[in-house]
C-alpha cells in the first residue's frame, strides 16, 4: 500500500509540474500582457509602462520568472495579484464561496436527478422512459451551455420575469430566500450536462450490478426489488462514480466558468475570465494550480478508495 | 528655452482661470468644492445609493496604477488639492485656494509653487491632515519602488518644503502648466499610516483605504460589490446619503436590466448601451441623461504604413465615411459629430473646424487625382502600394464590429480594401497598440490628461513609442509645427493664450487627419428619479465624481 | 474523458453485422439524415436564397423572421439571417470536421507511440495527456486563441490542440492491450519494423474506438468553436460562424431574440446529430465506455 501511495503521489507531483509549465508558457504566449489595461490611458507614457514592467519583474527572462514563481509556490507563497495587490490565495478565497455554492447546488441536482433517471432507466430498460432519458441525455450534452443560459434568461427573466437575469443576490437583501431565487437558473443550467452524464453512468452501472450473481441470489431469496436496489445496486454502482467525480471536476469547473459568465456570478470562473483579461498572471496561475491540485486530489482519493475496496486494482 | 513665450502670456492679462470661475459660479453651485465652511453635521445622512459598474474596481490606493473604473471609488474616499468642476474650472478642495500666477501661488516663471491648505481636515481615523501628508504623497509617487500611476508632472517636482502644517512649497524642474490639472486627480494619502509600511505596494491600506473624503471604507465583497459609509466629520458639504455601494455587473445587458428593475440607482461606466437608450427614456421613475465624454471614437491610422502616408488617402477615406448613418443606425443617435480630438465641453474646443461631408464621388475623385488607380481586382494602387489595409478593434465589442463591417462595404465602393482583424482588448492594447503594430484601429481615444488641453503624449513627434519616444502617439503623427505649439502650450499658464495655441493645433490636425474621427463619445447615464445632486462632469472619468452632493428627495 | 477500454476484436469493423446494427440504430440514422440535410442546406442555401450573407442594408435591420423574403429575419446590420446561418454552417461544420481530423491524427500518433513503446516515452506522453486533461479546457482554448491570430485555420488548430487527448488515451489503452498479442509477437519475430507493426498490424484493430471518439470530437469541436467565437476570440466578422453570430446576440436578447435562438438551435441540432451518430457507432462497433 505504501509503495502504491508513493507511486501515485510522485505521479501527481509530476502532473502538477507539467500543468504549471504548460500554463505558464501558454499564458506568456498571449501578447499584450498585464500593462495592456493602461494602453488607452494617455498619461501612462512608455517610461511609466517600462517602470511598471520592471517593478512587476516582467522584464526578466521567462524561465527566471517561472523558477521564481515555482520556488515561491513550493514555499507556500502564491504571489500577489497584479491588479489589487492582494495575496493570490486571498483573492481565490474571496471568490471560492460563490463558486462552491453554485457547483454544490448543481452537483446536488445532478446527482439526485441523474441517479434517479439512471436507475429507473436501468430497471425499466427499453421502456419509453428509458428511451426518452437516453435521447434527452444526448441532447443535453449537445446544447451549448452559454446558449442554454441565454435562452433561460430570455424566457424566465425577460419574458416571464420569474427569475433574476444574474447576480448572486440583491444588494441589501442577503436573505437565504433571495440567494436561492438567484441560484435556481444558473445551477440548473450548470447541472444539465452533468445530469446527462450521471444518468448515463448510473444506468450502465446499475445494469452491470443487476446482471451479477449476488443480485440474482438476493432476488431468489425473495428480497423486495426496492431493497435489493438500495442495498446492492446503489452501493456498488456508486463506487466507480467516485472516480468519475474526480474526472468530472475540470469539466464542472469549465461549466462553472461559462455559467458564471452568462449569469454574472461573482465566482472563480468570473475571476478567471477577468484575470485572463487583465493578464493577471499570478491569479491565473493560482487558479490553474488550484484546480489542478483539486483534480489531482480527487483522482488520488478515488484511486485510494478504489484500491482499498478492490485490492486487485493496485496491481495494474 | 522658450522662456519668453511663457512670460509674455503669463501675466499680461487678468487671470482667466478666475474669469472662467466667475462665469461658472453664476450657474453652477458646488458648495463643498468652493471651500465653504463646513456644516457637515447639519445633515443626517440617510438612504443608500447603488452605483452599477461594468468593470470591477480593484485598486483602492489612489496613487497606484489603476484604470478608469477605480476613479469612481477614489473620488468618494479621497480628496485632492483641487478638483475640477463640470465647467472645467479648478476649485480648491484640500487646498485653501488654487495657486495661480495672479495670487502668487505660482511664480511668474512657473517654477516655484506654493500651496496653502485647509486647517479643518481630518483623516477618517481622526488624525489631522497636514502639509506633511501632501509632501509624503508627492514623494511616494516618484518612489522608484512604488507601482505608481502616472508620474508625468510629478517627476518634475523638486525640493518639497513644509513651511507650516497648512503650507508647503516646491520647485519645478521646468515650467509645466498641465500639472495644476494633474493635481486634481492626485489624491492625498495619509502619511501616518503608510510611512510604517515596508512595502507600499502590499500595504494593508490598499485593501482598507483611509482618506479624507465624504465616504469611509466599509466592506468589499470581491467580484461583486463594495460599500462605503458616510463620513459625518467631512469638512465639506455633505454627504447626504448614508451608504454608497458600487456594484460590479460585468454584462451590459444585465447592468441595464438591473437599472430597469430598480436594483441599481445610477449607471456609471460603461453606462447604458446605445441600443437601450430609446427604451430607457420611457421607463417610469427613471431619468436618463446624455453626457458627452472626453474620448473620441475614431479610426486611428498608423501613418508609417505606406497606404496612409499620402494625405489624399486619408482625406478620401474620411469623405467615404457615412458618419451620420453610423451614429443614427448603429449607435441609435447616441454620439455627436466632431472634427477634433478636443472634447466639446472643453474650454479649448475649436468650433470653427471645417465639417466633414460624406461623398463617395468626391472620395473617388481625390484618389483619382492623387494617382491611385484601380487595379484588375478593383482595388486601387499607386507605385506598387495596394490600397488595402487591416482594421482592428477589440473583439466582442459588437457595435464597433458593426461599424467595421459597414465601413468595409463603403470603402470597397471607392476601391479600397479593408480587412478585419480583431483582437481581445488585453491583446490589442498591449504592444500591438502601444508600439504601433496595427494598420488601422477603431478605438475610443482620449487625448487629454485630467482635462488639460495638452495633447503632447498623443500628438508630439517625441511621443512616438515605436520610435523610442516617451508617450503614446501610436498613430506616429509628426508635424513640426504641432510639436512647437504643443511645447509652447505646456509652458503657458494663461488660459486665453493657451486657447489660441490649442485652437491652432486642432486646425492643423483637422487638415492633416492623422486619425479619422467617427464621433465624440456620448454616454447614456441613467438614474432613479428622486436622486438629486447628481451632475455629469466630462472633465473627470467617472459619473460618481461628486457623491458627496447626492441626496434622496424626501 | 475516460479511458475507454474496448473489447479487442479480431474481425473487421465493417463486417455486415456491424453495418446492420448501425442501420438499426434509429437515433444514429436520424443523426445521419439531419447532418445530411444540414450540410445540403449549407452548401446549397446561399445559392438559393435571394440575399447575400454579407450585404449590409441598414434600413432593413432587426427585421423579425418572415419579414418579406427574410425567412429568419435580419441582424443588426440588416443582413439576411438565413443566408448568414447557412454560410456560417459551412464555416462551423468545416472547422468542426477539420479539427476532428487533426486531433484524431495527433491523438492516434501519440497513443500508438505511447502504447507500443511504453517505458519512459509512454509514461511521459501519457502524463502530458493527463496534464492537458486536468486543465479546465476552456483555459487552454481561450489562451491559445488570444495568442494566435484568429482565422478559421488557427481556430481549427487551437481546437485540435486541446481535444486530441481523449483519442490518445483510447488508442494508448487499445495498443497496450494488443501489444502482447500473438499476431504482434509474430510480426516482431518476422523482423517487421516497429512502425510497420504499429501502424499496419495494431492500428487497424483499434479503428472502431477511434471512429467513435472522432465522431464525438466533431460534436465537441463545433461546441468549442461556438464558445470561442461567442466570446469574440474566434472566427472574425464579416465571415459568419454559428458562434460569432451569437456574439452580441445577448445584447439584443430583449429586442431581437431570434438573433440568439436561431444560431443556437443550429448548433444544438448539429451537435446532437453527431452525438447520435457516435452513439450508434459505439453500439454497432461494440465499443464500451462513455463519452463526456
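Positions of Cβ are set from backbone N, Cα and C atoms, glycine also.
As written in TrEMBL, here are the features:
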type	residues	note
TRANSMEM	C:27-49	transmembrane segment
DOMAIN	C:89-278	domain 'ABC transmembrane type-1'
TRANSMEM	C:93-116	transmembrane segment
TRANSMEM	C:128-147	transmembrane segment
TRANSMEM	C:153-171	transmembrane segment
TRANSMEM	C:206-235	transmembrane segment
TRANSMEM	C:255-278	transmembrane segment
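Stretch with the largest number of CB pairs closer than 8 A to the transmembrane segment (C:93-116), among C:27-49, C:128-147, C:153-171: C:153-171.
Counting only same-chain residues 6+ beyond the ends of the transmembrane segment (C:153-171), those with a CB under 8 A from a CB of the stretch are 1, 3-4, 6, 95, 98-100, 102-104, 106-108, 110-112, 114-115, 125-126, 129, 132-133, 137, 140-141, 144-145, 203, 206, 209-210, 213-214, 217, 220-221, 224-225, 228-229, 234-235. Only sequence-distant pairs (6 or more apart) were considered; of these, fewer than three Cβ pairs between the transmembrane segment (C:255-278) and the transmembrane segment (C:128-147) are under 8 A, so the stretches are not in contact. Counting residues 6+ beyond its ends, the transmembrane segment (C:128-147) has Cβ neighbours under 8 Å at 1, 110, 114, 154-155, 158-159, 161-163, 165, 168-169, 172, 224, 227-228, 231, 233-234 in the same chain.
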